[in-house]
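Asker: OK, Swiss-Prot features for this one:
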type    : residues                 : note
TRANSIT : 1-37                     : transit peptide
DOMAIN  : 46-274                   : domain 'ATP-grasp'
BINDING : Q57, G90, R91, G92, L146 : GTP binding site
MOD_RES : K73                      : N6-acetyllysine
MOD_RES : K78                      : N6-succinyllysine
SITE    : E79                      : site 'Important for substrate specificity'
MOD_RES : K132                     : N6-acetyllysine
MOD_RES : K139                     : N6-acetyllysine
SITE    : D147                     : site 'Important for substrate specificity'
MOD_RES : S161                     : phosphoserine
MOD_RES : K200                     : N6-acetyllysine
MOD_RES : K218                     : N6-acetyllysine
BINDING : N243, D257               : Mg(2+) binding site
MOD_RES : K271                     : N6-acetyllysine
MOD_RES : K291                     : N6-acetyllysine
BINDING : N308, G365, I366, V367   : substrate binding site
MOD_RES : K338                     : N6-succinyllysine
MOD_RES : K347                     : N6-acetyllysine
MOD_RES : K423                     : N6-acetyllysine
Amino acid sequence: MASPVAAQAGKLLRALALRPRFLAAGSQAVQLTSRRWLNLQEYQSKKLMSDNGVRVQRFFVADTANEALEAAKRLNAKEIVLKAQILAGGRGKGVFNSGLKGGVHLTKDPNVVGQLAKQMIGYNLATKQTPKEGVKVNKVMVAEALDISRETYLAILMDRSCNGPVLVGSPQGGVDIEEVAASNPELIFKEQIDIFEGIKDSQAQRMAENLGFVGPLKSQAADQITKLYNLFLKIDATQVEVNPFGETPEGQVVCFDAKINFDDNAEFRQKDIFAMDDKSENEPIENEAAKYDLKYIGLDGNIACFVNGAGLAMATCDIIFLNGGKPANFLDLGGGVKEAQVYQAFKLLTADPKVEAILVNIFGGIVNCAIIANGITKACRELELKVPLVVRLEGTNVQEAQKILNNSGLPITSAIDLEDAAKKAVASVAKK
């Protein structure tokens with residue numbers, strides 16, 4: 001069962017990939033580590049694949065209506081699909097503030113592409129995954145619309161349980177793969193790949209067969225699988241997910257849609273890819289937090305959470321929820337903390353007008369609790385904190401940290417454990 005906050009804010013949390021996803025494959029679990037701090041638009045992912053020999057539909061990118069019209073003419077396709085380029089899902093059912101309904105349109109007339117693009121580019125598209133005001137569309141993708149005779153699912157990912165890459169596939173594609181894993185686990189297939197030997201032809205062929213490809217299509221699918229794996233390694237991806245990985249009536253195996261997740265630690269050798277990172281759709285506070293190596297996600301509540309570690313942050317949000325409160329954010333401090341980071345974190349939290357209380361929950365393993373305490377007292381004084389502050393510290397130098405807080409003369413409420421902290425934070429808001 002999903003945790004309360006995970007159910008409430010799952011789509012937001014997926015943007016930062018702060019939790020692993022799991023697929024039951026037979027009796028074993030396959031871990032999908034979706035760490036998406038780097039955000040790429042659909043056309044960027046498809047270009048990466050195309051440049052590396054993976055077959056995708058022909059497409060052009062346009063940032064004006066005239067460019068979209070010319071692109072549609074150049075495609076010379078039987079049917080054209082026009083797709084607004086934003087990072088949020090649900091584009092097909094979205095609504096523009098221009099009045100246009102839908103961020104994905106099919107047409108056979110290039111002139112219609114130009115007319116539709118004029119109502120997309122420069123306007124906000126609102127979907128279930130965007131803020132109410134929507135997200136501004138700066139580019140559209142003009143692509144050849146291909147018929148799909150059969151859809152399958154394919155992913156290559158880093159699986160911590162086997163310390164290496166795993167190929168995961170299902171003959172049922174185009175749907176939520178977690179639902180397939182839950183209802184028909186026998187339709188989930190996997191191949192564990194030796195990172196040193198690479199993917200074997202026998203593995204690619206076997207996966208192609210398990211996905212239901214036969215005859216010449218089987219060899220074609222195996223070739224695409226191998227190329228996807230080579231791309232996965234080349235770009236330091238943590239996951240390449242293709243859904244659907246399909247075939248056309250003309251007998252071609254095509255990657256129709258893909259999500260690529262990257263390892264942030266590889267930025268130093270993947271500069272070209274990380275230069276494509278699109279932060280324009282982030283909340284300004286998220287971009288500001290990133291400057292100080294803080295991971296921030298805004299939520300709808302009024303109790304700010306200041307925590308180290310994604311798992312602890314999730315637990316903190318959940319326990320606030322279970323005690324009748326609502327978290328205002330998800331702020332992960334991480335390790336290697338400096339006082340300046342603590343100060344900046346408080347500056348971000350207090351800038352949110354929704355925040356009526358702050359809960360600090362730190363478990364000091366790598367993190368030195370004394371540094372946290374010094375940062376807290378400095379922030380409280382310099383920012384003239386006006387909302388209740390509840391602090392729970394545990395771990396490295398916690399006694400010294402408690403002395404710093406107790407001797408500060410500041411109105412800081414200490415908590416003995418997470419349950420106590422959550423109750424006190426919720427109670428402080430209820431008093432208002």
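Going from the start of the chain as shown, residues are counted 1 onward.
Placement of Cβ uses the backbone N, Cα and C atoms for every residue, glycine included.
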Asker: Could you measure between G365 (substrate binding site) and K338 (N6-succinyllysine) for me? Cα positions, answer in whole angstrom.
Answerer: 14
Asker: For the domain 'ATP-grasp' (46-274), what's the mean pLDDT in this predicted model?
Answerer: 94
Asker: State the Cα to Cα distance, in Å, between D257 (Mg(2+) binding site) and D147 (site 'Important for substrate specificity'), rounded to an integer.
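Answerer: On Cα coordinates alone, these residues lie 14 Å apart.
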Asker: Near V367 (substrate binding site), meaning Cα within 10 Å, which of K73, E79, K132, N243, K271, K338 (recorded positions)?
Answerer: K338
Asker: Let me know the DSSP-derived helix, strand or coil state of K218 (N6-acetyllysine), please.
Answerer: helix
Asker: Consider each pair of residues in Q57, G90, R91, G92, L146, all listed by the record as binding GTP, and report the largest Cα separation in Å as a whole number.
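Answerer: Binding-site diameter by Cα atoms for GTP: 20 Å.
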Asker: Under 8 Å between C-beta atoms and at least six apart in sequence, can you list the same-chain neighbours of G92 (GTP binding site), or say none if there are none?
Answerer: G102, G103, V104
Asker: If you measure C-alpha to C-alpha, which of S161, K218, K271, K338, K347, I366 (recorded positions) come within 10 angstroms of L146 (GTP binding site)?
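Answerer: Near L146 (GTP binding site), where near means Cα within 10 Å, there are no recorded positions at all.
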